[in-house]
Amino acid sequence: MKLLAFRRLLRIQRVVIRYRLDDLILELPMLPWWLRLLGATLPWRWLPRRKLELTRGARLRLALQDLGPIFIKFGQILSTRRDLLPDDIANELAWLQDKVPPFPPELAVKRIEEQLGAKIEQVFARFEREPLASASVAQVHAARLKSGEEVVVKVIRPNLEPVIRSDIAWLFILARLAERVSSEARRLHPVEVVSDYEKTIVDELDLLREAANASQLRRNFEGSPLLYVPQVYWDWCRPKVLVMERIYGIPVTDLETLRDQRTDFKALAERGVEIFFTQVFRDSFFHADMHPGNIFVSTRAPWSPQYIAVDCGIVGSLTDEDQDYLARNLIAFFKRDYRKVAQLHIDSGWVPAETKVNDFEAAIRTVCEPIFEKPLKDISFGQVLLRLFQTARRFNMEIQPQLVLLQKTLLNIEGLGRQLYPELDLWATAQPFLERWMRERVSPKQLLRNFQQQVEQVPHLSQMARDTLERLSQPHAHNAPPPEWKGSRHDWLGRLVGAVLLVGAAEVGLGQQLEAWPAWVMLAGGVFLILRR
């Protein structure tokens, strides 16, 4: 392992010198003066150099390609972090292609047989040794099961784990070094970025996780005319082998073939947006790797086109708080209510409570007002989120990984949608989803359902009430600090009674009794007592 790490270090050094990445590093404004001086004395900087007619982004992209698949994937992920990188570098890294030569079919067969515990002929009636596709982590072969189903077999590359461990270790070393020498680098959280990447790549190595993701996404869209997800054949899935239904569709970028079959491009573009918002606001679970290589269009019913999604190795999930953040901010943004956007961030704790709302509002207005001078149909949701993240980061907002994934996915969907149908108006398509979701969030039925989820707390309520009343009656008993109640004791007792009524409403509303009038009465009374001032 140490020998491998040393060899990788030498390889990294050679690539840095070849593409003169040291020039890029020394240009960083966050670099301390003493490190800049030390870097200027590096031995190879005194040697004759060949002239590089390349931009800094192109040099970085080529260097990552030379360093191999793990660095390529890291560059791809970095390209989505436009809240961290300059646009010219992010745009160049987006061109990184995760394509590598296939490994020998004998190794693929050997790994499949090891994982399945059976000879290839015992499982498959036919197995095509020439792979359909090959990438940095895995390659895919076509096959037919003994039972007759046409399938694809995805198999993880052999001997990949040691290389990943070595490369990740060096990325962590570089990230920690950056944090130690520069306060500006610490603000960008490089160690956190590498940690997110490590989790992504480790997750991609577990094909059972990908199978589970695909299975859930398929279940979420079962019978839907919008999206089809291939079936997983669980009997033949293992950590390093995945067997799925083979699909036959048109690559979404093959516009000529789509035109030939008279596909409705407007419907196709709008359905892509509809699929995204359905995943986000209905399911709280979304395919986070929706680049064109993973999306196909069914050949059936081109007048009502259906998408086909593959490769569910990267997915995102959202909490209620994430959904609320996204919906409220997007609605406020498109109303150009920057004050509300700023206040939402502070009230929800996304930015520190001591943040001055006027300063935050002004910063948001400065970066977003130019965007909203365009017609609504020309505005990019992804760019709006990106500008918000960039601004909020300056106010010490911790950007959650799932929101970064969502922003990247939204940019992909937007780019694809406008490639298919340039007149696509995302706001017109998305607005009904956002407004319907907001209405449902405050509907009485949803409130009752939320309380039902918390009904396990009911047994603790009486003890909590007793403890609270004891503290109210003896606020300065013993050496306990006086509680910081907002308002009078009667206000707090009213809120306590309101809480009891709300929990009671949840109890009455359990099962099929959501329409029972006592539940509605208790709900109304509880809300009144809690919210009254």
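Cβ atoms here come from the backbone N, Cα and C positions, even for glycine.
Quick look at what Swiss-Prot lists:
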TRANSMEM  24-44  transmembrane segment
DOMAIN    126-494  domain 'Protein kinase'
BINDING   L132, A133, S134, A135, S136, V137, A138, Q139, V140, K154  ATP binding site
ACT_SITE  D289  active site, proton acceptor
TRANSMEM  510-530  transmembrane segment
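This view paints the features noted in Swiss-Prot onto the structure.
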{"residue": "L132", "record": "ATP binding site", "contacts (Cβ under 8 Å, 6+ apart)": "V140, H141, A142, V152"}
{"residue": "A138", "record": "ATP binding site", "contacts (Cβ under 8 Å, 6+ apart)": "K154, V155, I156, R157, E204, L207"}
{"residue": "D289", "record": "active site, proton acceptor", "contacts (Cβ under 8 Å, 6+ apart)": "D311, C312, G313, I314, T409"}
Which residue, out of the binding-site residues S134, S136, V140, shows the minimum number of other Cβ atoms inside 10 Å of its Cβ in this structure?
S134
For the recorded ATP site formed by L132, A133, S134, A135, S136, V137, A138, Q139, V140, K154, name the remaining residues of the chain with Cβ within 8 Å of the site's Cβ center, in chain order.
P102, P131, V155
Could you check what DSSP calls L132 (ATP binding site) once collapsed to helix, strand or coil?
coil
